[in-house]
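Taken straight from Swiss-Prot:
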- 90, 100, 128, 222: substrate binding site (BINDING)
- 135: site 'Important for catalysis' (SITE)
- 190: site 'Important for catalysis' (SITE)
- 222, 246, 250: Mg(2+) binding site (BINDING)
- 280, 281, 282, 283, 284, 285, 286, 287, 288, 289, 290, 291, 292: NAD(+) binding site (BINDING)
């Protein structure tokens with residue numbers, strides 16, 4: 001099994017190194033091949049997604065990704081910025097389903113900004129459609145307004161759109177995920193205002209006829225954002241579009257106490273996927289050895305579970321992470337009084353020891 005390792009920028013190389021350390025500690029061997037991406041890709045080839053990196057990603061069985069982005073690239077034209085690498089990988093690999101778990105570990109309940117009784121036992125899975133919606137809809141751009149009260153003035157415009165096949169395939173992924181959990185699926189939209197959202201809801205209802213054992217409900221996105229802060233444990237699996245999912249998954253991540261704990265998976269139709277921590281490249285702490293590697297280590301566990309069909313090995317890593325937290329090890333972002341505060345490498349070593 002071949003894994004493409006794309007560390008990226010900022011803290012990416014540090015945290016990916018710890019995930020690789022954990023993979024190498026398992027009792028089976030994987031072929032790991034590394035390549036530059038993001039700002040590192042731009043420095044190496046003049047493009048954030050070099051041709052050789054894309055070829056490796058296509059050839060591999062799965063991709064372990066760190067993070068991309070750095071302030072020093074903000075002046076580049078949009079097509080050359082590091083963040084375009086992840087968008088390019090999603091497009092070229094046809095990764096359309098993003099899984100973002102939001103789990104509050106018992107040992108970290110006090111780190112959440114919400115009261116312990118609201119988040120104790122929290123375990124949400126957000127399934128976000130990645131390839132459509134207003135992020136990719138055409139036409140888009142800046143022009144002279146052709147009509148309206150400010151006709152002739154400069155305006156920016158984007159297009160929100162979804163095709164039926166796009167909605168159906170993410171619906172099936174979400175229903176199947178819900179079927180493996182509590183058999184409850186919440187679809188989030190804005191169908192009281194947006195035609196695209198009403199269409200989304202209609203297709204979700206139609207697909208639900210194939211999953212009689214799963215309870216489908218609906219919620220407007222503004223209410224969902226409020227309910228995530230008010231009573232988050234009411235949710236189990238949430239499915240939504242690209243933009244709403246982008247926002248809600250970041251909100252849900254902070255319920256857990258630290259975005260440094262949260263993995264994610266982006267999958268294609270055949271469960272080949274790209275696995276990355278939910279956080280960014282954090283250039284302000286890069287090279288200091290203090291970044292939390294647990295989200296990346298847990299992303300490696302998701303990689304084993306979904307793309308390589310190694311559920312037992314994934315379980316081992318997840319149990320090791322829980323054991324390390326139980327032993328009191330903490331990086332700075334999740335530190336509590338009386339804990340054993342450690343750096344990036346020491347946390348990775350602790351997980352390996354727990355294995």
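Cβ coordinates are placed from backbone N, Cα and C, and glycine is handled just like the others.
Residues 90, 100, 128, 222, recorded as contacting substrate, have a largest CA-CA distance of 27 Å. Across the annotated binding residues for NAD(+) (280, 281, 282, 283, 284, 285, 286, 287, 288, 289, 290, 291, 292), the two most widely spaced Cα atoms sit 16 Å apart.
Each of the binding-site residues 282, 286, 290 was ranked by the number of other C-beta atoms within 10 Å, and first place falls to 282. Mapped onto three states, the DSSP output places residue 100 (substrate binding site) in strand.
Cβ environment of residue 250 (Mg(2+) binding site): 259, 278 lie under 8 Å away, each six or more residues apart in the same chain.
For residue 100 (substrate binding site), the count of additional Cβ atoms within 10 Å of its Cβ stands at 23 [all protein chains shown].
Of the recorded residues, residue 290 (NAD(+) binding site) and residue 246 (Mg(2+) binding site) place their C-alpha atoms 26 Å from one another.
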